[in-house]
Amino acid sequence: MSGGGIENAAFESRSPSLRRQRSWSPAGSRASSRARGPSDPHFEEGPCGWGSCTPEALQLCNNPEGYLAVYSLLATFQGIVVNGLVNISISTIEKRYELNSSLTGLISASYDISFCMLSLFVSFFGERGHKPRWLAFSAFMLGLGCLVFCLPHFSAGKYHYGAKPEDTCQAPETMSANITCNAGTKSSHHKYMYVFILGQLLLGVGGTPLYTVGTAFIDDSVPKHKSSLYIGIAYAMSLLGPAIGYIAGGQLLNVYIDIQIPERQDTTNTKVDQDDPRWLGAWWIGFLACFFAIWLLIIPFSMFPKHLPGTAKIQAEKVSETHDDGSEALVQLKNIGKNFKDFPISLLILLRNPVLMCLIIASSSEALVTTGFATFLPKFIENQFGKTSSFSATLGGLVLVPAAVLGQVISGILVSKCKMDLKSIIKFMISTCSVALLLNTVFLFAKCRNEPFAGVSETYNGTGTLRNLTAPCNANCGCLRSVYYPVCGRDQVQYFSPCFAGCKSYLVDSNMTKIYHNCSCIGQPKRENGSEDFLFEAIPGKCPTQCGFLPVFLTIFFLAVVFTFMAVTPTTVAILRCVPHKQRSFALGVQLVFLRLLGTIPGPILFGVSIDSSCTLWDIDECETKGACWVYDNERVVYLLMGMSAACKIITIIFVVLAVYFYKPPPLNKAVLPKDTKMVSAAHA
């Protein structure tokens, strides 16, 4: 490889034909030599293809637009899996494998753990390596991660949603035979948590080159004033992935987990349906489909040259906006980054850049709250507004992701059209973050009271105690708390199950739905005319919510997400501009490490713990083992989420303001000053 390059056999071309193309654009190479110094005299600009096979048709893709199209496809599929399918599958995985929100939060954070561990090394070596081949490796690992993540479905066997010999009130001696403790079932399900973690780790390995090396390659290949537009489009396309993941995955949850619903698993003629809390959707289909689709993208990435034609000329015309701390001169003088021994010095240079560090901390604070909401937004809508899991997932995707895409595109266009310099970009971020903070009050419109729940939020017609499902009216029914099958009484109160409602008989209507009668715990309904007769005492399912704030919440939340994501593309562009040219990929890698350590890793975990702290009714089996949460305190959840969101946005604004304060633009034609020599000595010391 040419001087200053990384000798990496896995990502370097061995093709003689490509090596002959090093001077494919001689004029551009000479211009680049003057701009980038003697250590990098020419670019490997070549044709599109594989070795000596370079068909003319492929040359139509040998440009920034062609690369952007393939990159966007990979980013879209990565978003479908990581930020779409994984998030909407959380509730189903919790129930199928008997995990609580804290453990599923750990599964969600595992992606960021591997991302964090590898991004520094990938971004450091990838800066001077063959970037498109790094993305081919990215596609391979992302596909493998999808395959591993869906393996538990095939190894765990058929889903048995639990036989219910009788869900009505029975004599205690009749039910005693069913009260058994099978601790082995729990442990056998818990072991699949490690398979999910492994799948997420592989997905993290695949995602690392995508947003470090892949983004830097876009910035390499286009003029500076177009960089924000191209990056904005690429990031917006990556956000279409979660939209597709939420919508398609939400529809897949309407399909039974094993495709075909068993004819009968209890002694009645009823089948489990989507309104039954035991229903689980086919969460795994999306992962299997993405496995095949992502591996197909390995082919186009492997055909791109190391640099697109015209890259050298574009680089020669760019004017540096690097923060004036001597780092640009230091990197050029010592040609830092040519091998691994420069890793500590390169990292030290970036860590000493106050503008970069302020932008990194600000983006990390935003990442904490955005990843938390991305993970648990469907659950929030489901519990706050009484919607089904599939509808909540679909609704969340239709509102959250288009708003994020719109914010990315708008900011990319504004920065590009206005040709903002670095300081103007940072000031633009301050304004968008401030508006997002004001819109944070959206959660006040989501404060819906919990619907009456006997034994949880109110007593059984004045008997029994709160937080105790057993009362005198059902004490002799031998009810099992491990069987959660909510019913809505004619008194508009929800009951844990027909048994806890004291129902002793039922009928099956023409739709094969049970209608319960003779329920000792259900009170008289509130009759408006005094002459209505109810044909039932209880029906399956939760009572319909009386909260009508969902449209208002979604409208304001949409605007809040738009302004939140309007700062994402400018942040990336600002980071690329405030550091030395040869450290751009590495700077993005450092950002993503802090982003994970301070934002996306603790985000889902903190949100999961906070949501669990608001639980008022846990799934507890006969072994007294705690599983998933059935009912949350809605008001407490709202105040916790609003407080966490507001705190993160205030931190973001503070550090973006500090970035403007610290930034010093470089003077034109800046020479290497004596202080740069001192910096070199200090770094080596």
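Here the Cβ of each residue, glycine as well, is placed from N, Cα and C on the backbone.
Note: TrEMBL annotation is automatic and uncurated.
As given in TrEMBL:
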COMPBIAS  23-36  compositional bias 'Low complexity'
DOMAIN    68-661  domain 'Major facilitator superfamily (MFS) profile'
REGION    1-43  region 'Disordered'
TRANSMEM  68-90  transmembrane segment
TRANSMEM  102-122  transmembrane segment
TRANSMEM  134-154  transmembrane segment
TRANSMEM  192-217  transmembrane segment
TRANSMEM  229-248  transmembrane segment
TRANSMEM  282-304  transmembrane segment
TRANSMEM  355-377  transmembrane segment
TRANSMEM  397-416  transmembrane segment
TRANSMEM  428-446  transmembrane segment
TRANSMEM  549-576  transmembrane segment
TRANSMEM  588-611  transmembrane segment
TRANSMEM  637-663  transmembrane segment
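Ranking 102-122, 192-217, 355-377, 588-611 by CB pairs under 8 A with the transmembrane segment (549-576) puts 355-377 at the top. Counting only same-chain residues 6+ beyond the ends of the transmembrane segment (637-663), those with a CB under 8 A from a CB of the stretch are 323, 354-355, 358-359, 361-363, 365-366, 368-369, 372-373, 380, 383-384, 422-423, 426-427, 429-430, 433-434, 436-437, 440-441, 443-444, 446-447, 567, 574, 578, 606-607, 610-611, 613-614. Relative to the transmembrane segment (397-416), the listed stretch 229-248 leads the set 102-122, 192-217, 229-248, 282-304, 355-377 in CB pairs under 8 A. The recorded stretches the transmembrane segment (192-217) and the transmembrane segment (282-304) do not share 3+ CB pairs below 8 A when only pairs 6 or more apart in sequence are counted, and are therefore not in contact. Averaged across the domain 'Major facilitator superfamily (MFS) profile' (68-661), pLDDT in this predicted model comes to 81. Counting residues 6+ beyond its ends, the transmembrane segment (588-611) has Cβ neighbours under 8 Å at 101-102, 104-106, 108-109, 112-113, 115-116, 119-124, 208, 211-212, 215-216, 347, 350-351, 356, 359-361, 363-373, 375-376, 379, 572, 575-576, 629, 632, 637, 640-641, 644 in the same chain. Distant neighbours of the transmembrane segment (102-122): 82, 86-87, 90, 93-94, 134, 193, 196-197, 200-205, 207-209, 212-213, 347, 371, 375, 586, 589-590, 592-593, 596-597, 600-605, 607-609, 612; these residues of the same chain sit at least 6 beyond its ends, with a Cβ under 8 Å from one of its Cβ atoms. For the transmembrane segment (229-248), the neighbouring stretch richest in Cβ pairs under 8 Å, chosen from 68-90, 282-304, 355-377, is 68-90. If one looks beyond the transmembrane segment (355-377) by at least 6 residues along the same chain, the residues whose Cβ comes under 8 Å of a Cβ in the stretch are 83, 87, 90, 101, 105, 108, 112, 242, 323, 396, 400, 426, 429, 433, 564, 567-568, 571, 574-575, 578-579, 587, 590-591, 594-595, 597-600, 602-604, 606-608, 611, 641, 644-645, 648-649, 651-653, 655-656, 658-659, 662-663.
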